[in-house]
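Trainee: Okay, handing you the structure first.
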Ligand code: PEP
């Protein structure tokens, strides 16, 4: 069975105090209220990682991730953080190729493929993001665009490595806009992605790959989205900054 995952992307938000409070609240609610098999992954800004991980401790079903990593192994790359450093701090997941990284930092599929490989070498689970702009959706070429992102970012991997990947489909027009993809639109794209994976790696690996939806997911729409057969969870931006909303999304499974 595929993993059900709800990953919170804090982006560039939260002071130290705010991050500690948010994490403590999430942990308490998870302990008191969460009985399902979905897991939470908290992806705070880099400086939060160690203290947040410490708070998580041995908590059940809560994991720590980073929002980005370097495409280089080590060395003179001021301001960058390698997957080896992340792993040494106990980081378990890393978001790779978020549309904000692709757009504002010109991250190409080639660079993302390098990041994915380094993440896997160092034992991190990549959450590989893909998604189309509104222009592309309107032109009707969204499926081709997103499957190409997968091909170029991931399809160099061996089957054993690919089976460790988590995919996040995030239509750019739905991120932070309050405009969610309908559950049918999400399902259609997730099914297309799964069949694209199957065409390269076979049905078993495709069936085992968790594909998350991201884009204005909230406690009101999560249940309908997560009920779709190919939607295995969410990558949550704005709503991950509110403990009540984030935990309610996890409980939507
Ligand atoms: C995101 O940036 O990954 C995201 C899904 O943001 P939001 O939930 O705020 O749309």
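Using N, Cα and C of the backbone, Cβ positions are placed for all residues, glycine too.
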Trainee: For the substrate site that TrEMBL assigns to 9, 10, 11, 216, 237, 238, which of 36, 57, 176, 202 is also named?
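Mentor: Matched candidate out of 36, 57, 176, 202, per TrEMBL for substrate with 9, 10, 11, 216, 237, 238: 176.
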Trainee: Would you mind sorting out which binding-site residues among 9, 10, 176, 237, 238 put a C-beta under 6 angstroms from ligand 1?
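Mentor: Only 9, 176, 237, 238 meet the Cβ criterion.
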Trainee: Hey, of the binding-site residues listed (176, 237, 238), which one tops the CB count within 10 A?
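Mentor: Compared across 176, 237, 238, the most Cβ atoms within 10 Å surround 237.
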Trainee: Taking 9, 216 as the binding-site residues to compare, which has the smallest set of other Cβ atoms within 10 Å?
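Mentor: 216, out of the binding-site residues 9, 216, has the fewest neighbouring Cβ atoms within 10 Å.
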Trainee: How many Å separate the Cα atoms of residue 170 (active site, proton acceptor) and residue 98 (active site, electrophile)?
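Mentor: The separation of the Cα atoms works out to 8 Å.
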